[in-house]
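Student: Pasting in a structure now, in structure tokens, and then I'll have a few things to ask.
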Amino acid sequence: MLQRWLYSTNAKDIAVLYFIFSVFCGMAGTGMSMIIRLELAGPGNQYLGGNHQLFNTLVTGHAILMVFFLVMPALIGGFGNYLLPLMIGASDMSYPRLNNISFWLLPPALVCLVTSTLVESGAGTGWTVYAPLSGIQSHSGPSVDLAIFALHMTSISSLLGAINFIVTTLNMRTNGMSMHKMPLFVWAIFITAFLLLLSLPVLSAGVTLLLMDRNFNTSFYEVAGGGDPVLYQHLFWFFGHPEVYIMIVPAFGVISHIVSTYSKKPVFGEISMVYAMASIGLLGFLVWSHHMYVVGLDCDTRAYFTSATMIIAIPTGIKIFSWLATIYGGSIRLAVPMMYAIAFLFLFTLGGFTGVALANASLDVAFHDTYYVVAHFHYVLSMGAVFSMFAGYYYWSPHILGLNYNEKLAQIQFWLIFVGVNVIFLPMHFLGINGMPRRIPDYPDAFAGWNYVSSIGSFIAMISLILFIYILFDQLYNGLENKINNKSVTFMKAPDFVESNNKFNLNTIKTSSIEFLLNSPPAVHSFNTPAVTN
């Protein structure tokens, strides 16, 4: 056991480790968000006894856990590591031992992050860690330093993973698989890896300078010494904006596969989808200052960032309409992954609308640091990235584990989380339009109504998460029985494809990519000889 899991160089085992880790961190992050919602359920001090520093520490912890320890390990480390080699017909990742250290850098990073909240009074900076609040004057203890170390370790982990994905994709494709024939999920991970490679060094530089300011008496961000805190914002957001695309582009890849399978159609405009993802990735590097409209940028700078940000809506729209065109006229089967995919399309588009509103510098001056922004990025992440993780799990886990989940429970879990997240985040738009500021644990009584509704929603979402954990256990314990039951319910009455070839019909899920042609679960070494794809 120790040999297999601790020293593993097998992409599948490492992917499973990533997945277990991300579920654990996701539960911790959800716990933090529940405490935040409990505190905000009513005006005045509710649960934290007036400890506003603790509130901000929880906000920081929630954000960093969800972004760096849930979404990225699950989508890139979990699904990416498991499926990318299978989809391109590779025996493993290009650098298996590098893959191992990529994972094992994350638990120490988690230890640093948790420690940072426990020493002194925690890092109450928000996940952006803006100077001067994160400076040595305002946060005198080791908390922020520990948070910076956590960011450093997750950065190195992701960077090594990105190098691995790029080399694997370029060098280890099977015979006949040109770049044009790669599945969309492989393209998504490939583009994500480039985003990581180009943006993470900038974050590392920015927080390293902050570390120097805090401990070695430099003044990169100290105005008294000739520095400028706005430099930190530029460095952080030059990473921070590509980061949100790092989280959503793998989700795009997952959704493409699911929409295609459950509509029984190839994705509409497959090459356009690749170009759209690449355009989103490129444009993501040219828009970072739209997070900084209120720091005193020039008028023409603001005009540029407004226009450039709106241009990102074009390739995103291409993707949305291509998915809709894939569904249109298809033979649709509303299995659980497809329900998540359709919910993704609807809610991600809503999040995109609010994003276009926030792109306007003139409007953003009013919306900046209000709950409108919180509502916007939670629609995109909590109902974009997270829904695609659930979709991908329900889509691929029966094949990865060889064990089926309980279909009915999964549908209940979908409806619970669908209702829950909307009840949480829809009212936040109204609060934001009325000017309720972010990251403040107390608020005027006028905001009480919608905040109460939002907190009710968080309980619904929490129940769905608990149900998901039960579904996981049920899948591991009763997976084979579920397989028999599910077949009679869905696959026999409404198979994905019906062919005259019986060998083909026995394969329950039919896709255009090769990972489902393997055994279920796949062998430890899936391809000893290259799979020929044409």
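Cβ atoms are placed via backbone N, Cα and C, with glycine included.
Pulled from Swiss-Prot, these are the listed features:
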BINDING   Glu39, Gly44, Pro441  Ca(2+) binding site
BINDING   His62, His378  Fe(II)-heme a binding site
BINDING   His241, His290, His291  Cu cation binding site
BINDING   Tyr245  O2 binding site
BINDING   His376  heme a3 binding site
TRANSMEM  16-36  transmembrane segment
TRANSMEM  64-84  transmembrane segment
TRANSMEM  101-121  transmembrane segment
TRANSMEM  147-167  transmembrane segment
TRANSMEM  183-203  transmembrane segment
TRANSMEM  235-255  transmembrane segment
TRANSMEM  267-287  transmembrane segment
TRANSMEM  310-330  transmembrane segment
TRANSMEM  338-358  transmembrane segment
TRANSMEM  372-392  transmembrane segment
TRANSMEM  414-434  transmembrane segment
TRANSMEM  453-473  transmembrane segment
Student: What residues in the same chain, six or more past the boundaries of the transmembrane segment (414-434), come closer than 8 Å to it by Cβ-Cβ distance?
Tutor: 37, 336, 339-340, 343, 347, 354, 367, 370-375, 378-379, 382-383, 387, 390, 446-447, 450-451, 453-454, 456-465, 467-468
Student: Under DSSP, is Gly44 (Ca(2+) binding site) helix, strand or coil?
Tutor: coil
Student: Determine whether the transmembrane segment (183-203) and the transmembrane segment (310-330) share at least three Cβ pairs under 8 Å, counting only pairs 6 or more apart in sequence.
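Tutor: Result for the transmembrane segment (183-203) with the transmembrane segment (310-330) is no.
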Student: Under 8 angstroms, Cβ to Cβ: which one of 16-36, 235-255, 338-358, 372-392 has the largest number of such pairs with the transmembrane segment (101-121)?
Tutor: 16-36
Student: Same-chain Cβ contacts of the transmembrane segment (310-330) under 8 Å, 6 or more residues past its ends?
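Tutor: For the transmembrane segment (310-330), the far contacts come to 252, 255-256, 259-260, 262-269, 272-273, 275-277, 279-280, 283-284, 287, 341-342, 345, 348-349, 352, 355-356, 359.
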Student: Taking only the Cα atoms, work out how far Glu39 (Ca(2+) binding site) lies from His62 (Fe(II)-heme a binding site), in Å, as a whole number.
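Tutor: Here the two Cα atoms are 14 Å apart.
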Student: Around the Cu cation site (His241, His290, His291), what further same-chain residues have their C-beta within 8 angstroms of the site's C-beta centre?
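Tutor: Neighbours within 8 Å of the Cβ centroid, excluding His241, His290, His291: Trp237, Gly240, Val287, Trp288, Ser289, Met292, Phe305, Thr309.
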Student: On a simple 10 Å Cβ count over all chains shown, which one of the binding-site residues Gly44, Pro441 is most densely packed?
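Tutor: That would be Pro441, with the most Cβ atoms nearby.
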Student: What's the CA-CA gap between Gly44 (Ca(2+) binding site) and His62 (Fe(II)-heme a binding site) in angstrom, rounded?
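Tutor: Gly44 (Ca(2+) binding site) and His62 (Fe(II)-heme a binding site) have their Cα atoms 22 Å apart.
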Student: Quick check: in three-state DSSP terms, what is His378 (Fe(II)-heme a binding site)?
Tutor: helix
Student: Could you check which of the binding-site residues (His241, His290, His376, Pro441) sits closest to His62 (Fe(II)-heme a binding site), going Cα to Cα?
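Tutor: Going through His241, His290, His376, Pro441 one by one, the closest to His62 (Fe(II)-heme a binding site) is Pro441.
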Student: Give me the stretch from 16-36, 64-84, 453-473 with the greatest number of Cβ pairs under 8 Å to the transmembrane segment (235-255).
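Tutor: Looking at each of 16-36, 64-84, 453-473 in turn, the most contacts to the transmembrane segment (235-255) are made by 64-84.
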Student: List the residues in the vicinity of the Ca(2+) site, defined as same-chain residues other than Glu39, Gly44, Pro441 with C-beta within 8 angstroms of the site's C-beta centre.
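Tutor: Here the nearby residues are Leu40, Gly42, Pro43, Asn45, Gln46, Tyr47, Leu48, Gly50, Phe55, Asp442, Tyr443.
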Student: Residues of the same chain, at least six outside the transmembrane segment (372-392), with any C-beta under 8 angstroms of its C-beta?
Tutor: 66-67, 71, 74-75, 79, 244, 247-248, 250-252, 254-255, 258, 336-337, 340-341, 343-344, 347-348, 350-352, 354-355, 357-358, 414, 417, 421-422, 424-426, 428-429, 431-433, 438, 468
Student: Name, in the order they occur in the sequence, the residues of the same chain whose CB lies under 8 A from the CB of His376 (heme a3 binding site) and which sit 6 or more residues away.
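Tutor: Spatial neighbours, sequence-distant, of His376 (heme a3 binding site): Gly351, Thr354, Gly355, Leu358.
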Student: Using Cβ atoms only, which residues of the same chain lie under 8 Å from His378 (Fe(II)-heme a binding site) while being at least 6 residues apart in sequence?
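Tutor: The list for His378 (Fe(II)-heme a binding site) reads Gly351, Val421, Ile424, Phe425, Met428, given in order along the sequence.
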